[in-house]
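Peer 1: I'd like to ask some things about the structure below.
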Amino acid sequence: MAFFTSSPVPILHFLILYLLIVVTVSFSENQNQKTYIIRIQHDEKPSVFPTYKHWYESSLRSLSLLLPENEKISSDLSESRIIHTYEKVFHGFSAKLSPLEAEQLEKVSGVIAVIPEQIRQIQTTRSPQFLGLKTKDSSGLLKESDFGSDLVIGVIDTGIWPERKSFNDRDLGPVPLKWRGECVATKDFPAASCNRKLIGARFFSAGYEATNGKMNETSEYRSPRDSDGHGTHTASIAAGRYVFPASTLGYARGVAAGMAPKARLAAYKVCWNAGCYDADILAAFDAAVSDGVDVISLSVGGVVVPYYLDSIAIGAFGATDHGVFVSASAGNGGPGGLTVTNVAPWVTTVGAGTIDRDFPANVKLGNGRIIPGVSIYGGPGLAPGKLYPLIYAGNEGGDGYSSSLCLEGSLDPKFVKGKIVLCDRGINSRATKGEVVKKSGGIGMILANGVFDGEGLVADCHVLPATSVGASGGDEIRKYITAASKTRSNPTATIVFKGTRLRVRPAPVVASFSARGPNPESPEILKPDVIAPGLNILAAWPDRVGPSGLPSDKRRTEFNILSGTSMACPHVSGLAALLKAAHPEWSPAAIRSALMTTAYIVDNRGQTMIDESTGNTSTVMDFGAGHVDPQKAMDPGLVYDMSSYDYIDFLCNSNYTEKNIIAITRKKADCRGARKAGHVGNLNYPSLSAVFQQYGKKKMSTHFIRSVTNVGDPKSIYRVTIKPPSGITVTVNPEKLIFRRVGQKLNFVVRVQAREVKLTAGSTSVKSGSIEWKDGKHVVNSPIVVTMQEPL
């Protein structure tokens, strides 16, 4: 986006100052250039400049003429340093600058923020059915929303493989009139790649190439085409058409379908071989909002930083401010705490759960023990009934550590040939370990979780007979190998592949890898918000990428099975499109509220969902408000609605400066009023999180002010049920809400009182409960979390 004002003159002042900075910096600084995103004060766009970048570049050239001959600006110091200009969700540009230039530029009047770029990484035949979205329902969310037919989902990812049947436009109506986007045609992505289903496709590589140099077009496409697979997969989860038959190597046979089968798709490719660069991500947000998308799906993440330094948070705020719903993956850093990413309260943050389907592939040891595992392997299997020699890679040659992980070049073929090899998880990808074993002559692989991974299992498309086992299973196999070697008997094993198993119990289970709270940036906002299916999800896959993702894998499949919060996020993106289609008047906050207050926390046994990594009961820090329930979300009764100004009050109460807040929101904030009115927990969020620092205090208390909007029956009375966290006193006033019309808003106050608990210095106690508003038809549930901290 560009830094427009009502007339060009102030911009010229800014440019002259910028040029003076540029010419006074030593050219040796250029070697240390990095990408920065610069936010500029902005009032309105002048109509005289149709594209700001061209005007900016010509202004640089013009102003250069005013400088002495020995201080002329080279092209390297002008046009080529500008990467993107931003106009819709952000006012400013991205450019290559040295740290000194960035430091001096930040002091220039009119520059609000200079943000260092982050590099981000990318994080179904049964999930619609598991979520209760049945195609033959005469009523329900799919019927009410016409399968999302007039809604547009923008997927910011690795691009798309447009020829897949999941993206066909059969029986779809014309492209919605509101659509302003384009299909960027290239030599490998002809204009005909787009249709009435895939209505837009763009790519953004300038940020990537500014850091890495010109891309290698023999290994990736300079176009919206997907050379990775991740973007094709996520797009078809959100909005893939019905495709039958669908499977991966014979597994998960059935009808493949996305959440919103008739929704239109727009692909924004920002992720390349070296990652996803902030400058490009922000450009994609800018384009998506300008193009007219209704939902943005972002299965990309990085480290958590303050929101004014977080390009995803800034881009998402701009999108939300324009009425666009933004969902993002929570990250795959679980099962440890404080791992959740994409935590801004205006983003719907999605963790991952399992569905009631798995792919068992068990290890049978020579002593008769069966160790449960999972795998997707469709190639020549092991001989039935035959046991093969078994070794632990960490015991056989190498330096022990690298060989235990089956890293490239670490295995000695003379120890490995003809054997099943036990490898530990970590460092290199799971599929790569199998490739290393295969190249070294191994006949099969068992992949063992480490202690941190726990018992969470992910099924992978391996290039040799292989399976994954949990940490306890890995320990048992190692003990068996050690015991057998002491008795001088050779340890043996085989892998028994059992195909696809349905109606698995318990389900859903919180996936081990799914990132957990608390929220590292704003502990008063519970994150993740919800969980959705993210383990072993079948969806569309490109033609020129093997199912393992390895370059050596020459197998081809129309669908692939992947796991991650990357797969959970587009489930929610598709559901948001359906909800928006059924309720066009709902804001992004209302849609998120409907998903959160109707979410459930029990599995198909009727018990609280368990944590896959431990087998113990999971908590709100794992699943947020719970697992999404699409049918109930269509009719939530009440919603917690918010506008951009509510978020500004939240930022004020988070002690952000006025300059920080403008950097995020483009809006000036008078924080005096916000701070008088409340505190950071008073954001009208569907969940409530109180954080108490004990400091020797015996009693602590706080309150939450909430407002609910009636979207249910015109005349309805809601009564509250309080389930307080253990040892905590919670009161709600009033206890009854009487609504007389749809759209009416009523307020209530929740008071929380806690007593000191015994904690060691630096430790924390987390307890949770809930408040429910019921009218006899709807149950509007909000989790309430109380965190007690004993400071160091």
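Keep in mind that glycine also has a Cβ here, set from the backbone N, Cα and C atoms.
If you look up TrEMBL, you'll see 1-26 marked as signal peptide. Per TrEMBL, domain 'Inhibitor I9' is recorded for 35-122. The domain 'Peptidase S8/S53' annotation in TrEMBL covers 148-616. Feature annotation from TrEMBL assigns active site, charge relay system to ASP157, HIS230, SER566. Residues annotated as domain 'PA' in TrEMBL: 388-477. The domain 'Subtilisin-like protease fibronectin type-III' annotation in TrEMBL covers 682-786.
In terms of burial and nearby residues, how do these features look in this structure?
Peer 2: Per-residue pLDDT, averaged across the domain 'Inhibitor I9' (35-122), gives 68.
Sequence-distant neighbours of ASP157 (active site, charge relay system) (same chain, six or more apart, CB under 8 Å from its CB) are ILE122, ASP226, HIS230, GLY231, THR234, ALA235, ALA267, TYR268, LYS269, VAL270, CYS271, SER297, LEU298, SER299, VAL300, listed in sequence order.
Over all protein chains present, the Cβ of HIS230 (active site, charge relay system) has 24 other Cβ atoms lying within 10 Å.
Within the domain 'Subtilisin-like protease fibronectin type-III' (682-786), the DSSP-based counts of helix, strand and coil residues read 1 helix, 65 strand, 39 coil.
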Peer 1: Could you list the residues of the same chain, at least six apart in sequence, whose Cβ is under 8 A from the Cβ of SER566 (active site, charge relay system)?
Peer 2: ILE122, GLN123, HIS230, HIS233, THR234, SER299, SER329, ASN332, GLY534
Peer 1: Can you count helix, strand and coil residues in the domain 'PA' (388-477) using DSSP?
Peer 2: 28 helix, 22 strand, 40 coil
